[in-house]
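Worksheet: one structure, shown below.
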Amino acid sequence: MKRAWLTMNSSDKWRALHGLVPLLFLCVVIPYWSQVNNGWGNLGLRMQTLWERMFDTIGDDQFNLYVYGLNGWTFVLYWSIGLAFLLAETCARPKWLLRYKVQPKVIVDQKRLYSLITTVLFNQFFVMLPFSIVSHYILEYQGTLPPIRELPTFQRFLVVFFILISTQEVVGYYTHRLFHHRLIYKWTHKLHHQWTAPIALSAYFNRSLDHLIVNLMPATIGLPLTNAHFFTSWLWLTWATLRTLSDHSGYHVLSFPSPRRRDFHHLKFTECYGVWGPLDYLHGTETLFRASKSSSKTN
C-alpha cells in the first residue's frame, strides 16, 4: 500500500485524500452526533441573533440583497483578489509568492490588459447583473424564496452545498466541452483562450454568451434547484468566485486544488474541462494531463 501511494502522482493523491476526508469525518462525528448537534445548535442561535441584527441595520429587501448585495460582494471580491494577483505578477513582489507560481517563465502581456478589463466589466454589468435581476423575478414569481431572516439548519446547508458542487461539475463540464466544439468555438470560447497562460482576472474574459452559459449557469443553476437560502447563496458564490480566481491565477496559494489543470487546459484546449475532474476521468479528457509532468508537481 505504501508503494502504491508513493507511485501515485499528486493529482491522484489529492483525489484519494479528498475522497477519504468525508469518510473520516463521518467516522469521527457519528458517535458524537448528539454533542455536535447540540454544539451547533448553540452556535446557530448566536449566529441567528447576529443575522437578524444585521438585517435590522441594512434592511431585508430581498431584491436589493439578492441582486445588488450578492453582485456587489462578488464584484469587490473578484477585483480585489484579481488585482492583487496582477500586482504580484507585474511587480514580482512579494518574492515568496513566486515560489508558488505554476508557470514561472511566463510573463503577463500588459498590452492586452485594457481589452481584458473592459470585457470583464462589460460581463459583470451587462450580463451578470441582468441575469441576476431576471432570475430573482422568476424566483419571486414562483414564491419559492426561503425567509431571509431565518438561517438554514446546518444539515440543510451541508446537503445544499454538496448538491451545488455536484451541479457545477456536471453542468460546467458539458457546457464547457460544448463550447469547444469546432462549429461554435471560434465564435464563442476562443476569446477566453487568447490567454494561453491565464491570470486571475482572465476568469471572466469571455464573450457574453460564453460567460452566461459556461461561467454563470454552472455556478448558479443549483441555487433555484435546491431553493438555496440567501446565506447559502452568499457563501457558495464567495467560494465559487475564489475557486475560479484560483484556477486562473497561475499561483497555488489558496486552499484549492492546484491551478495546473486549468493551465494545462489553456495550453492544450482539449483536456481538463471540468472543475474537479471526475468527469474528465470518466470521459478520458485528462489523459494527456495525467501523462504530463504537470500532474505530478505539488504546486
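Glycine is no exception: its Cβ is also placed from the backbone N, Cα and C atoms.
Just so you know, TrEMBL annotations never went through curation; they're auto-generated.
The annotation domain 'Fatty acid hydroxylase' is assigned in TrEMBL to 162-285.
Residues or ranges marked as transmembrane segment in TrEMBL: 16-34 (among others).
Residues or ranges marked as transmembrane segment by TrEMBL: 72-92 (among others).
The feature transmembrane segment is assigned by TrEMBL to 113-134 (among others). Within the same chain, residues 66-67, 70-71, 75, 78, 86, 191, 195, 201-202, 204-206, 208, 211-212, 216, 220 sit at least 6 positions outside the transmembrane segment (113-134) and bring their C-beta atoms closer than 8 Å to a C-beta of that stretch.
Per TrEMBL, the feature transmembrane segment maps to 154-174 (among others).
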Give me the mean pLDDT over the domain 'Fatty acid hydroxylase' (162-285), rounded to a whole number.
93
Is it possible to list how many residues within the domain 'Fatty acid hydroxylase' (162-285) are helical, extended or coil according to DSSP?
81 helix, 1 strand, 42 coil
